[in-house]
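Chemist: As annotated in TrEMBL:
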| type | residues | note |
| --- | --- | --- |
| BINDING | B:ARG196, B:221-222, B:235-239, B:252-259, B:ASN273 | FAD binding site |
| DOMAIN | B:3-181 | domain 'Electron transfer flavoprotein alpha/beta-subunit N-terminal' |
Amino acid sequence: MKVLVPVKRVIDYNVKVRVKADGSGVDLANVKMSMNPFDEIAVEEAIRLKEKGVATEVVVVSIGVKQAQETLRTALAMGADRAILIEATADVHTDIEPLAVAKLLAGVIKEEAPGLVLAGKQAIDNDMNATGQMLSALLGWSQATFVSELAIDGDKAVVTREVDGGLQTISVKMPTIVTVDLRLNEPRYASLPNIMKAKAKPLAIKTPADYGVDVAPRLTVVKTTEPAGRKAGVKVASVEELIAKLKDEAGVI
Amino acid sequence: MAVLLLADVNGAQLATDAVAKALTAVKGLGEVHLLVAGPASAAAEAAKLEGAAKVLHAEDAGHGLAESLADLIVGLAGGYSHIAAPATAFSKNVLPRVAALLDVMVLSDVTAVVDADTFERPIYAGNAIQTVKSGDAKKVFTVRTAAFAAAGNGGSAGVEAVAAKSSDLSTWVEDRVAASDRPELTSAKVVVSGGRGVGSKESFDLIEKLADKLGAAVGASRAAVDSGYAPNDWQVGQTGKVVAPQLYVAIGISGAIQHLAGMKDSKIIVAINKDEEAPIFQVADYGLVADLFAAVPEMTGKL
């Protein structure tokens, strides 16, 4: 079974985000970029399935700017076999919307025919949490979102999902789209020899036109602003003082 | 035009608070119809929410699974300009699927409805707020409930039956929902959260005891969840739940940006941390620099 994993290049998890002065978005020029953390978990799970003999090949796909090649090389260094980059924009500030991404991925899937797609549940830049569900809808496949445990059993997958009040187990028909949550696994670091080896692995470059997809946005950004700040309050010296403040000053207990 | 609001049903229960808050968010857009896929009792509960003109009730056997529920919503979509839902795990599973089937974009976690086409939503873990205008014919979006007050429950909307859809793509197996006497995290007036500083699953008991004394829900930072001290459904932050209680008590939480994204709209924030440089103190109304293992039991005892 072939496993396909979409990966996104996003601002690094630890970088302090700055809103651009003109309000058009967040400043991404000369900022450290990394693989979306949820996508790392998806890549790790795909590699583990290959190590267990469940998967035969792991193909990673990224959609965005040409610099996303670095993100794909990271996935190849972790252990993916092959990469596809769809260069959809030359501007690092252009975020291709989940609907367009899902349409492009659907095009890739028609060519590649994977048995399973493993995706991150959300990207930490636009926080939309949508691409996996949209892709599943476009393909008419089953979907398993926010997954913290995955077991493939022939023509179905049994998954544990992180839901509002706890956990839910469902069984989905293969092929399926799984979006992964934090606790599915802990992604590995690529070793130096594997980073060197990854440079020789195949990376195909495509364009949206190859899949006949229009990536024009449906949403127009009117403005981007800093959130209203919160001021630091006072330090209290003791538990008694804290309780007194909460009772008498704030009136919340 | 009218608004179709998907009402969360967890198990057999209507998520009343979340639905009531989402109702407030969308009521300015037109007549609101609530869609309840679940038992008749959940539909009856929804009919009491003020501002709902009608409840559409599908006797659902699919446990709200995305494939059948999305088909149901798409079948009803013709009569609506807006399709919305509270931004919960339940709805975030379904609405993007609906949007793709309708060939429109989805908007997640809307914090303000500016007009019929324009919405505000946080991006980058709440480090920026973006105002976006949708060019799509239908708007499909989820609402961050912490940003809105709950609608009252003195209404009496009519309930109309609609036929549920079924799908053989997925099958429900079981729900493992932790039984608890505590209030639900996203609707609680008081939340007591523990972070990595709590140190172990056993020590989390200190957090729970204080929470019970305050009649509070228990939360946790991602670090505490990742370390296995607390279950994931307690997680507050960018990748967990967003809360805005009257009182939020952060214990042993450093205050990473991803955590602040989930609680910075709380009315009063208290931080208890032994590191006086911890960023949590920059957003706390009251900060106590102390060893939590001494301060928390003391507080529980003195309340």
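For all residues, glycine too, the Cβ spot is worked out from N, Cα and C.
Just so you know, TrEMBL annotations are computer predictions that nobody has curated.
The structure displayed is predicted, hence computed values, not measured ones.
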Chemist: Of B:ARG196, B:GLN238, B:ILE253, B:ALA256, B:HIS259, listed here as binding-site residues, which sit with their C-beta under 8 angstroms from a C-beta of chain A?
Modeler: B:GLN238
Chemist: Just to verify: the residue among B:GLN235, B:GLN238 with the fewest other Cβ atoms within 10 Å, which of the binding-site residues is it?
Modeler: B:GLN238
Chemist: Mean pLDDT across the domain 'Electron transfer flavoprotein alpha/beta-subunit N-terminal' (B:3-181), rounded to an integer, is what?
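Modeler: Here the predicted model's pLDDT, averaged over the domain 'Electron transfer flavoprotein alpha/beta-subunit N-terminal' (B:3-181), is 95.
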Chemist: Among the binding-site residues B:ILE253, B:ALA256, point out the residue whose Cβ has the most other Cβ atoms within 10 Å, with all shown protein chains included in the count.
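Modeler: Selected residue: B:ILE253.
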Chemist: For the binding-site residues B:ARG196, B:HIS259, which Cβ has the most other Cβ atoms within 10 Å, all shown protein chains included?
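Modeler: By the 10 Å Cβ neighbour count, B:HIS259 comes out on top.
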